[in-house]
Amino acid sequence: MRPLIAEIRLDHLRHNYQAARAAHGDKTLAVLKANAYGHGAVRCAQALADIADGFAVACLEEALELRAAGIALPILLLEGVFDADELKAVDEQDLWMAVTSEQQLAMVEASAPAKPFHVWLMLDSGMHREGFLPQEYHAAWRRLEASGKAGKITKMTHFARADEPDVPMTFSQLEMFDAAVRGLPAGDESVANSAGILCHPRAQRNWGRVGIALYGVTPLPAGFEQDKVLRPVMRFSSKVFGVRELGIGEPIGYGDNFVTHRPTRVGLVACGYADGYPRRASSGSPVRIDGAPSQLIGRVSMDMLTVDLTDLPDAGVGSEVELWGDAVSVNEVAAHAGTIGYEPLCNVKRARFVYR
Ligand SMILES: *Cc1c(COP(=O)(O)O)cnc(C)c1O
């Protein structure tokens, strides 16, 4: 059997949820979109079902997968619905939904649910991706209320730069949110993602929305204390299944990406970009081989990648390779590929998932 394993530590998931909830100080949705950031949405939902206040996913399909698996907790559709037909399932399956645009608002007004929806009305407080502008927000609220189709309306916004704690934009977004909702009937509010929960105490409202931190991966730059409590949930590992000795000046793999500059022992590892390891990861990306630090050399192929065993004389065929998890941070691998840890996590596939 191919030795590529995504070990998912569900006890770490529970620990991270509880840590995030404690940091937030109030109800917190566990964000399970994109198959729980690649960790397996159903298994993660089941592992959190007795401690979570609710879940959030991107779209109806993701919510239906959880409902079909017997998950009865509240589930919020973070992007709401994409067409009016979906409202029937939202109603029947008792889902919560974001309303982020004029189109979605009009769909709700025209709908005929058996019971009123719980709507999360999105304010665009500066990210400019979705949501109603501050000057539109009261009118959107009043239309929802007048429609009789929304039994409960939670006020919501989303931060663009909470993962840069020194950048003032989060504070201006919060001010804009508070100003935009002033004068509306009291009710629940939700503004903080993982980074907001970890380092913006003023963003702590009725509902946190924890995504990346739930999986034990920090959204913060190095040097912050708030993320020390997190424990990585996924450990992505494989094995060396081939070794070859090369002299100086020899290329490895596709292209002219890497040429040996010393006599080099090369280990061939069963993991490639079709498994989710980023193809753009550059030579020098960290790996651990039987616990010892080493690095990627040469370009990542579809099914394989190559690592440097020169300084690890005891390593060879059968050696265990941690691609990311405990000793190797997925954020560090991502940085070597010009991206963020979220992306390689979401891309993991074709591996054997082992849940603990
Ligand atoms: C994905 C998402 C989150 C979670 O973000 P993290 O940075 O992973 O914590 C929260 N809110 C919304 C609206 C999202 O789309």
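Including glycine, each Cβ sits where the backbone N, Cα and C put it.
Taken verbatim from TrEMBL:
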ACT_SITE  LYS33  active site, proton acceptor
ACT_SITE  TYR254  active site, proton acceptor
BINDING   ARG129, MET302  substrate binding site
DOMAIN    233-356  domain 'Alanine racemase C-terminal'
MOD_RES   LYS33  N6-(pyridoxal phosphate)lysine
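In sequence order, ARG299, SER301 constitute the residues six or more apart from TYR254 (active site, proton acceptor) in its chain with CB-CB distances below 8 Å. Secondary structure counts, DSSP: the domain 'Alanine racemase C-terminal' (233-356) has 16 helix, 43 strand, 65 coil.
Most buried of the recorded positions LYS33, ARG129, judged by other Cβ atoms within 10 Å, is LYS33. Cα-Cα distance from ARG129 (substrate binding site) to LYS33 (active site, proton acceptor): 18 Å (rounded to the nearest whole number).
On the 0 to 100 pLDDT scale, the model's mean across the domain 'Alanine racemase C-terminal' (233-356) is 98. Cα separation, MET302 (substrate binding site) to LYS33 (active site, proton acceptor), rounded: 26 Å.
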